[in-house]
């Protein structure tokens, strides 16, 4: 039967370590991002922004809402607890956030209130959609109507899934009333609608009433007297007889919201937008509180008002929408207007949100998993509304408005858009940690200097270097040639730690502050302790009369149990400290736990294989160079003395 020594293949372990290290450094140098570890605020400074809370009525936000916003914001910028960000409440309505380096914080102020809303009006035809409770969507190939001379464009998906080139048609609104403007067929190029479990039953975004964000639609150019009445054809009634045929005026009578906007426009000298009848003066993108009948009347009025509005008109009210009301919303690009029904599934029904790369479609997406109630609603809706449109809205903006081509039977769904890895991760974190209870505006953004500076980092590195040098001297004096194995293991361990610190800085925002540097210095002692345990076990075996070669496998069996137990205690201590601590102490605990795990990797894949190879070397076989000669002689004397004592007793 083969012995353990013959079964062990040291070169295989070393090869595995080399592959791991090469893979990590391949990610460091061949992928975008910094090739140095990310430093904390105390070492390199950072960016400080001040956010001011904004409420719908202008009142002062409650202390509870501010505390909740602080907690959610901390989860976004410091989700793992090791990014080194600082979030503080300043006064009654301000949050002060400081993050290391020059981070892009443009997405930080988003509320991250995700809602799934049915589309009330087919944006490509401006015709009402009959929605059955529990429905789904298919591609619409009907043309979209442009406004105010802007090219009409629509994102449409062909039924064959082929890519359709966009087309544009210009039609000056001043010469043609809104009701008589010819529809421009403008299907937009589509990302192939590959059906995956995450996006089952969904197709690409559908057409929308397009208007360039800067386009102007003056009411004077389309007076009510010159605008023909728009007759909305009777939609095919559903089982409950909803959405009967109606005839509405293209220019509704002014509402409270219209009067308020007109007064403000007279003061500023700009042309006021014409809002739908029954709009809320505080937020004219939604109706006044009411029942389903009043909401349906508002939707009917909004159907007519929609072509005369622009995304600039909607911008001041973005993020202030009530999920229980219908909504006028723009796409995130600001070039498409949507009329949406009340929320079907609120963001609170999202269980998990993760960013991922869809290899089939070649783009970054955000994958959502619903809770049981949300999944039941979504499944029922898609089963009953095949061919209808739904919109994924975030903070009052439409991320995508896909069509549903079949019932969705899995708890997950997928959000696609103009995402890259960074923005997809940011959105996933925002959705995962919840929506902000308040809307925030950025008041100021300034750069802050390092609290300690690079001289403290240099001092910490010098301290670590001195400790490392003392460990090397001790190993060389006490273990001689085995000390060379120790040095090589420490160097390889440092290389592994460095690569992982760089990658974690990119992936989870790990920033290395002085507390983290202290954790790395302590890790040198933990790694050296593992070597000492192993070498002392070898000495015990040699002392019992075994050769260096035969002592290695037996000593390793005994040593690895002790090493595992010691590192388990260290890791458990670091884990408890990480869970219970806050601030910089989390960084210390994280680096301590990380290096403890890497110590096991180095000992098992490098140190033991190198010692095993050294046991077959002539140089290490010499008791003079191995440092085990004195131990062997001492063991021989002990055995001789024990034999003499046994003879005397006999």
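Cβ from N, Cα, C; glycine included.
Per TrEMBL, the features are:
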{"type": "COMPBIAS", "residues": "138-199", "note": "compositional bias 'Low complexity'"}
{"type": "COMPBIAS", "residues": "211-272", "note": "compositional bias 'Low complexity'"}
{"type": "COMPBIAS", "residues": "276-285", "note": "compositional bias 'Polar residues'"}
{"type": "DOMAIN", "residues": "66-118", "note": "domain 'Protein translocase subunit SecDF P1'"}
{"type": "DOMAIN", "residues": "334-437", "note": "domain 'SecDF P1 head subdomain'"}
{"type": "DOMAIN", "residues": "444-611", "note": "domain 'Protein export membrane protein SecD/SecF C-terminal'"}
{"type": "REGION", "residues": "124-293", "note": "region 'Disordered'"}
{"type": "TRANSMEM", "residues": "12-30", "note": "transmembrane segment"}
{"type": "TRANSMEM", "residues": "456-477", "note": "transmembrane segment"}
{"type": "TRANSMEM", "residues": "484-508", "note": "transmembrane segment"}
{"type": "TRANSMEM", "residues": "514-535", "note": "transmembrane segment"}
{"type": "TRANSMEM", "residues": "563-581", "note": "transmembrane segment"}
{"type": "TRANSMEM", "residues": "587-611", "note": "transmembrane segment"}
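Ranking 12-30, 484-508, 514-535, 563-581, 587-611 by CB pairs under 8 A with the transmembrane segment (456-477) puts 514-535 at the top.
When each of 12-30, 484-508, 514-535, 563-581 is scored by its Cβ pairs under 8 Å to the transmembrane segment (587-611), the top-ranked stretch turns out to be 514-535. Across the range of the compositional bias 'Polar residues' (276-285), the DSSP-based residue counts are 0 helix, 5 strand, 5 coil.
The helix, strand and coil residue counts that DSSP assigns across the domain 'SecDF P1 head subdomain' (334-437) are 29 helix, 42 strand, 33 coil.
Across the domain 'Protein translocase subunit SecDF P1' (66-118), the prediction's mean pLDDT works out to 77.
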